[in-house]
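Visitor: I'd like to ask some things about the structure below.
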Amino acid sequence: MPDADRRDTQEKGFLNHMADKEQRPGRSNHAGKAPQAEKKLHEAVCVLLVELCERFTFFGIVCNMILFCTAKLGYRSHQAAMVNMCFVGTSTLTPVLLGWLAEYLVGRVKLVCICMFLHFLGTALLPVVSFPFEDVYIDRRHVLLTVPKREQKIVFYFALLTASLGIGGIRAIVCPLSAYSLEDCGPKELLSFFNWFHWLVNLNSAVVFVSISYIQQSVARNLGFLIPFVSGLMAMITIHMVRGEMIYKPKTDGSLLTTFGVIFSALKTRCVRYRYLSTGVASWLDHAKENHGGQYSETQVEGTKSLARLFPLFAFQVLYRTCVMQIPSGYYLQTMNSNLHFGGFVLPVAAMNVISIVPLLILVPILECINSWLFSSKDTGHSPTIYIVVGHLSAALSMMVAGFSEIHRKHFPQVEQTLSEEVLLVSSMPCFHLAPQYILLGVAEALVTPSCSLLSFWLVPGRMRGISMHFLALFNGAGCFMGAFFVQTAHAGTQGNWFPHLLHEGKLERFFFFLASLMMVNTLGFWTIAHRYNNLHQHCTNGFRGSLPGEKLLKHEKAIKHYNAVLESSPILPPVEKT
């Protein structure tokens with residue numbers, strides 16, 4: 001009897017709740033949805049503006065850093081290339097670190113304010129470092145206010161560090177990938193998003209490389225005061241987002257520390273059991289489960305297992321990222337030592353980077369048509385691994401073409417050329433002869449980057465997607481630092497012959513041929529394992545995704561919400577009052 005009474009009470013409460021909902025005016029739901037849609041649109045616009053401002057300042061710092069380091073700070077060519085690659089690598093890794101700090105130590109709002117201050121401080125210090133104090137005049141006297149090189153370098157490194165920390169915080173907190181609400185998208189929609197997202201970012205970088213590089217190189221001898229202005233604009237938009245409570249707060253179901261903890265726990269338990277016991281498990285990561293003597297739940301271990309399947313994919317992107325980093329390093333030096341005169345106008349060195357961006361801007365709409373046709377067939381779960389293989393091959397060919405272009409460049413007689421008020425002895429070969437190597441790397445970026453983002457995002461459970469993208473960033477950052485390591489090793493091991501300060505006195509082409517050979521091996525290696533990621537639909541249906549208990553529970557919760565929505569709109573119940 002008590003159970004029956006309890007059921008009657010629950011049913012009466014449910015009917016009273018439904019009756020209350022029916023008595024509400026019908027247009028109140030529509031009125032509530034309209035402000036919600038407007039707020040989401042407002043948030044999306046703010047996130048996009050912050051993203052573009054951040055990329056604008058980032059590319060503005062990178063585009064002419066080598067010229068600044070060699071002409072202003074007196075660095076050797078290989079040192080300037082290493083500084084540039086290390087800055088890009090640090091800016092790639094800091095979002096991972098600061099995202100973890102925001103969740104577990106400092107707090108998102110507090111940390112985003114700190115990062116905005118660091119970003120503005122770093123971008124404001126860069127023009128101060130490069131300001132031509134030696135040209136200051138007072139009362140017809142030339143007053144020398146030159147800052148010693150040592151102090152200049154200290155302030156320069158401090159500015160780069162603070163700017164990279166600010167960039168990392170903005171990317172991790174204000175505009176993370178999860179802020180774009182991609183949870184319910186399929187592989188076709190995800191690939192389309194990543195294609196157009198990188199298209200927009202590269203369009204922004206093209207504007208920066210043309211405008212800011214010209215200002216820095218031809219109009220002003222510094223890094224451009226426009227950069228801190230854009231940083232300040234970004235800060236105001238972010239403050240507006242903070243006050244409007246528009247900072248995205250992701251789910252905290254997992255973390256990098258948990259993933260690393262599962263791996264180390266599995267290794268430790270496996271070593272102990274291998275030595276003393278002989279228990280068989282399906283995967284070595286299963287040793288981290290609580291029922292196998294580990295310290296982690298089945299959900300955490302299964303999520304790490306799905307992520308571990310992507311480690312080979314991540315590993316093969318390291319060397320590819322090293323090749324891509326030749327655009328702001330080795331390719332930049334080649335362009336700087338070529339003839340930049342075009343119809344009486346001196347082209348900015350970094351403007352040649354636009355040649356690598358144009359193929360991406362052209363290919364993305366074409367790839368969209370191809371993907372629409374390939375994904376339209378439900379029988380074949382199209383996977384973009386073929387894009388990655390072709391992109392890696394294109395990067396290897398780019399390195400090879402760069403080597404032959406360097407040999408070709410040194411056959412031209414040398415002429416004097418003025419860059420940033422510095423007279424340099426360069427080859428008379430027109431810089432447009434270097435266009436093929438830029439185009440090939442641009443094609444590689446159009447094919448590889450969106451495809452890797454799709455695989456990293458789609459082939460893991462929903463709660464592991466943020467961690468998967470963090471691991472992709474870690475490996476990309478490792479590729480930048482590996483590029484700096486290769487430059488230092490090539491310069492030191494060959495006594496400056498493979499990466500010389502004056503290109504006509506060395507053999508830079510051998511460095512490019514070395515990278516081309518490594519990249520060919522890397523391409524063949526990835527081709528042998530590409531079949532693991534071939535069929536996206538098969539992975540979905542066979543439980544590769546969404547098979548964790550947490551994922552199933554989430555699906556049941558969504559089904560219950562859908563059932564309640566159906567009850568609310570059911571014609572069996574009295575109709576909703578219309579106004």
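Each Cβ is built from the backbone N, Cα and C atoms, and glycine gets one as well.
Sequence annotations record features per position, and here TrEMBL assigns compositional bias 'Basic and acidic residues' to 1-11. For 1-36, the entry in TrEMBL reads region 'Disordered'. What TrEMBL lists as transmembrane segment is 82-102, 108-133, 154-174, 196-215, 222-242, 345-364, 385-404, 438-459, 471-491, 511-530.
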Visitor: Does the transmembrane segment (438-459) make contact with the transmembrane segment (345-364) through 3 or more Cβ pairs under 8 Å, each pair 6 or more apart in sequence?
Guide: yes
Visitor: Restricting to the same chain and to residues at least six past its boundaries, which positions have a Cβ under 8 Å from a Cβ of the transmembrane segment (385-404)?
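Guide: Beyond its ends, the transmembrane segment (385-404) has Cβ neighbours at 316, 320, 323-324, 326, 330-331, 334, 367, 434, 436-438, 440-441, 443-448, 451-452, 455, 509-510, 512-513, 515-516, 519-520, 522-523, 526-527, 530-531, 533-534.
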Visitor: So what's near the transmembrane segment (154-174) in sequence-distant terms, Cβ-Cβ under 8 Å and 6+ beyond its ends?
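Guide: Sequence-remote neighbours of the transmembrane segment (154-174) are 47, 50, 54, 57-58, 61, 73, 83, 87, 90-91, 93-99, 102, 108, 111-112, 114-123, 125-126, 128-129, 147, 231, 234, 238, 241, 247.
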Visitor: Which bits of the chain, at least 6 residues beyond where the transmembrane segment (345-364) starts or stops, bring a Cβ under 8 A of a Cβ in it?
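Guide: Tertiary neighbours of the transmembrane segment (345-364) are 63-64, 67, 195-196, 198-199, 202-203, 205-206, 209-210, 213-214, 216-218, 327-328, 331-332, 335-336, 417-419, 431, 434-435, 438-439, 441-443, 445-447.
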Visitor: Taking residues 6+ outside the transmembrane segment (511-530), which of them lie with a CB under 8 Å of any CB in it?
Guide: 312-313, 316, 319-320, 322-323, 326, 330, 385-386, 388-389, 392-393, 395-397, 399-400, 402-403, 406, 486-487, 490, 498-499
